[in-house]
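Novice: For reference, the structure I am asking about is given below.
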Amino acid sequence: MLFNDFCKILDKIEKTTKRLEKTDYFVELIDFIKTNGKPENLKQVSQITIGRVFAEFENKEIGIGPNLLLEAVKTTGISEKDLKAEIKKTGDIGTAVENLSSNIKQVSLFSQPLTLEEMYSTLKKLSEIEGNSSQKKKIRIISNLLILANPVESRYISRLILEDMRIGMNIPTILASFSNYFNVNKENVEKIYAVTNDIGLLGEKLISGSDIENDSELHLKVFRPIKPMLAQLTPSIEDAIIETKIPQFETKYDGARVQVHKSNGEVKIYSRRLEDITNSVPELVEEIKKIDIDNIILEGECVAMDLSSGKPRPFQDILRRFRRKYDINKMAEKIALRIYFFDVLYYNRGLIDTPLRNRREILEKLFGTNDWDTELEKIEKEILSKKMLFSSFKLNSDDPNLAKEFFNWSLSIGHEGVMIKNPDAPYTPGSRVKTMYKVKPTLENLDVVVTRAKIGMGKRKDWYGSYEISVKDDESNLHVIGNVGSGLTEDDLERLTKIVNEIKIEDLGEEVILEPKIVLEVTYEEIQTSEKYEMGYALRFPRVVQIREDKSINDINTLDDVKKIYDIERNRK
């Protein structure tokens, strides 16, 4: 399949803002592949359309930043001066390369047009290049691709290298296109995607005529992690009880979400970003290996513990453990980790359609019970032990007063609050559900992405000291909600400045526009209405709590979250 045929439809998708038209154009693309291509082509275009060449569960990236792409573009014959001027004018490196493509060295008239397969496999190889001369090799490969490409192709190649297609397409739109073209139930398609995290595989199976509901490759599998189910905000414990009848309360831990997979004695542990962190936490791996369980997927919260007090250490200590590549055992002696398991998603078969109460029974057979109302003495004793693997502390009750006691106790041992779950609910990967709620004592912190950075003043003059922060809407468009600089230490500023220099897209002098890759957790005095920002809200006195290296743009808060927090706080006043 010619890459140009794909790019023509990408161009149509980019030029419309209407969701239904984007869906129709992707249906047109599927039909073109059905007639002229191979099943694997739908796999490739499904991933490329959302700016990826790897499936999400693979947790691989092309690994090329804007600076390296600029270096590659310069070797094609486009001058740095012209390129920077065009980027400033258009705000997009892809469009800039397209507009300047007449300056790119010409190849022989007898050269073959670029194929989709060739472009796709070439970009996958980029991620594998390592060693002393790796940057030169990457520049040469990118340069050769751009020289072979026509102007429109060069636009999309440049964007894909940065994993940002800028065409307004997302997974739900592709799934809607699959549903329309192949005449399959949209909910079934969404559910299968949720347990595979592989839009390309799903597309390839559909166009090949697979019975997707009974295809074992499309079922939940050990060592293929899934996105976590997410909780809703709730104004109060009483409101959550109304929604969930007799709910299951659990301590909301001050830690990082993890998935533990085990099969044939092998253990892998994944972060909420689906990163394989197994090698960073060897002591947890060894403990899990000791337990007589196999062919299982567990979910829990990994907490860095102060064993002398039984309380959690700062969240950054968890990230220090997860990032560690050397002297891991020495770091393990300094920072003890513990996992509180709260769900089992697979045990010899998929369990996500099984009610929570039954999944919890399986979990407790493996790790024991921790019922707060009847086992408090045991729980408080074990908190101070060196035990590494626990079932989460829980309370089943519809008594709001008892629930508030449990909430206050959870705070007293250093954690964030409580989770409130419907015991009859299934597990819905990657969705924010109305069967699970969270309650915290203070305003909900927000996870935001940095979209611009500005050089600091005074003591901060050597770093980027102020950061424009944004949340996303349902279509994954970003909306600015404020600027933040307070709360960052000099070490934070130094680390952020280094990252900014690697991911800046456009230099405006004292300010730079960035790829949306830095996630910050921020607190604030309140959310207020504001005409300054298009979204209509702004954070008052935002302050950085921590840099969330365990999260990506997929994990940031939404415009709906902001509105909900605003409404909750307004009703409390």
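Keep in mind that glycine also has a Cβ here, set from the backbone N, Cα and C atoms.
Grabbed the feature section from Swiss-Prot, which reads as follows:
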ACT_SITE  LYS252  active site, N6-AMP-lysine intermediate
BINDING   GLU250, ARG257, ARG272, GLU301, PHE342, ARG432, LYS438  ATP binding site
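Context for these features, please: burial, neighbours, distances.
Specialist: With a cut-off of 8 Å between CB atoms and residues at least 6 apart in sequence, the same chain places SER410, HIS415, GLU416, GLY417, VAL418, MET419, LYS438, VAL439, LYS440 near LYS252 (active site, N6-AMP-lysine intermediate), listed in sequence order.
Cβ contacts within 10 Å of LYS438 (ATP binding site), excluding its own Cβ and spanning all protein chains shown: 19.
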Novice: List nothing but the one residue from ARG257, ARG272, ARG432 whose Cβ has the fewest other Cβ atoms within 10 Å; the candidates are the binding-site residues.
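Specialist: Looking at the binding-site residues ARG257, ARG272, ARG432, the Cβ with the fewest others within 10 Å is that of ARG432.
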Novice: Would you give the longest CA-CA distance, in whole angstrom, between residues of GLU250, ARG257, ARG272, GLU301, PHE342, ARG432, LYS438, the set recorded as binding ATP?
Specialist: 19
Novice: Test of understanding: give the count of other CB atoms lying within 10 angstroms of the CB of GLU301 (ATP binding site).
Specialist: 26
Novice: Taking the Cβ of GLU250 (ATP binding site) as centre, how many other Cβ atoms lie within 10 Å?
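Specialist: Other Cβ atoms found within 10 Å: 26.
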Novice: If you draw a 10 Å sphere around the Cβ of PHE342 (ATP binding site), how many other Cβ atoms fall inside it, taking every protein chain shown into account?
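Specialist: Neighbour count, Cβ to Cβ under the 10 Å cut-off: 26.
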